[in-house]
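Everything on this sheet refers to the single structure shown next.
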Amino acid sequence: MAKKTIRNIDVSNTRVLVRVDFNVPLDEQGNITDDTRIRAALPTLDYLLERGASLVIMSHLGRPKGQVVESLRMGPVAGRLSQLLGTPVIKMDEVVGDEVQKASDALKPGQVLLLENLRFDPRETSNDRLFAAALARLADIYVDDAFGAAHREHASVVGVAKLLPAVAGLLLEKEVLYLQGLLRDPERPFVAVLGGSKISDKLKVIDKFQNLVDILLIGGGMIFTIMKADGVSIGKSLVEERLLSEVGRIMAESGGKRATMMLPDDIVVADEFKPEAASKVVGAESIPEDWMGLDIGPETIGRYSQLIASAKTIFWNGPMGVFEWDNFEHGTQAIAKAIAANQGIKVAGGGDTIAAIKKYGLEDRFSHISTGGGASMELLEGKELPGVAVLPDAEF
Ligand code: ADP
Ligand code: MG
């Protein structure tokens with residue numbers, strides 16, 4: 001069911017408490033190295049400001065674990081947000097308290113206030129009632145646009161949504177629309193491309209996708225645990241030994257599932273885990289003992305690309321190889337381009353996957369790039385996200 005959003009309510013002359021995901025990466029000097037997450041919230045923030053709301057914005061940043069950590073203050077975020085909005089941002093030094101209450105009471109339409117890092121207060125992650133109430137007192141309406149935190153049962157996500165009239169922001173709406181669209185009624189053929197380093201991160205999604213998608217193309221470091229479980233020698237390739245039996249079971253049962261699961265025919269192997277390592281292409285069943293697989297090979301690229309071309313819906317998570325290094329990026333680059341060239345619905349997610357899409361300049365070619373790593377995976381695993389469940393459904 002679609003959620004009630006900011007488009008379904010009148011926000012003029014209201015104070016709106018907006019939960020966003022401004023958990024941006026910072027370098028050692030505290031500079032923001034990628035402001036994608038701030039930009040992703042702008043449609044919602046602009047929408048509210050244009051309609052005469054005043055905003056109390058809140059986010060977490062990093063993992064301060066319930067204490068004030070100077071390097072994780074929201075100052076740099078406030079600066080960038082102000083630039084992007086083109087309006088001053090009043091930055092609070094506390095999350096809640098008298099000063100914050102006074103500042104929010106004084107807000108005029110069009111003004112923007114940013115709270116200090118939510119996770120400086122241990123009551124955020126414990127979903128403390130009084131903390132949620134203190135947040136709720138800052139505004140008339142609650143808007144959740146923090147899809148990246150929607151899988152967390154935290155005060156700013158779930159607690160406050162029960163205390164104020166609550167609606168979804170435009171980013172959260174779009175995320176849920178595209179991701180639930182994949183689960184509900186995807187146009188077929190539906191091809192999923194899964195890669196990345198660890199199969200432990202992706203096992204539940206593989207399990208779910210076996211009954212959802214038509215073709216499951218597998219690459220990245222996680223293929224080697226699957227191959228080893230199947231008795232194939234993988235040399236020194238990445239493997240998660242403790243998952244061998246579970247992976248073996250999933251593979252043994254895969255024949256009876258909807259999806260046809262595909263593994264690479266050929267592999268680019270290296271003699272060391274280094275950018276300048278010697279490399280060669282070998283058959284997937286012929287990995288030499290002292291070598292390790294770091295990318296999918298050209299035959300696999302060809303076969304996967306053809307299947308991708310035939311799809312009407314595509315979901316991609318996880319690079320096909322160590323795309324950070326020139327000698328092992330071909331698989332990821334080629335698959336990214338093959339997906340980009342498809343005319344259907346194309347959805348991607350995952351931090352490194354997004355980095356790869358950006359590296360090849362293909363952002364604009366995707367229907368939707370999910371900003372929520374853990375949240376998008378949990379949604380695709382079929383779990384209900386507490387931050388989404390707590391929001392009221394749209395009325396028709
Ligand atoms: P995402 O962040 O998109 O979910 P992951 O974090 O699961 O993706 O995996 C990305 C990482 O996997 C990349 O840093 C990449 O270098 C690594 N990787 C891909 N293939 C291999 C491989 N064959 N061996 C080791 N690491 C790999
Ligand atoms: Mg990653």
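Cβ atoms here come from the backbone N, Cα and C positions, even for glycine.
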Given TrEMBL lists Gly293, Glu324, Gly350, Gly351, Asp352, Thr353 for ATP, the same-site residue among Lys202, Lys204, Lys208, Lys257: Lys202
Among Arg15, Arg37, Arg51, Arg129 - the residue TrEMBL places in the same substrate site as Asp21, Phe22, Asn23, His60, Leu61, Gly62, Arg63, Arg119, Arg152: Arg37
Fewest other Cβ within 10 angstroms of its own Cβ, chosen from the binding-site residues Asp21, Glu324, Asp352: Glu324
Filtered binding-site residues, from Gly293, Asp352, Thr353, whose Cβ is under 6 Å from an atom of ligand 2: Asp352
Distance check against Arg37 ((2R)-3-phosphoglycerate binding site) for the binding-site residues Asp21, Asn23, His60, Gly293, Gly351, keeping those with Cα within 10 Å: Asp21, Asn23
Using Cα positions only, nearest of the binding-site residues to Gly350 (ATP binding site) (Asn23, His60, Arg152): Asn23
Binding-site residues close to ligand 1 - of Asp21, Gly350, Asp352, only those whose C-beta is under 6 Å away: Gly350, Asp352
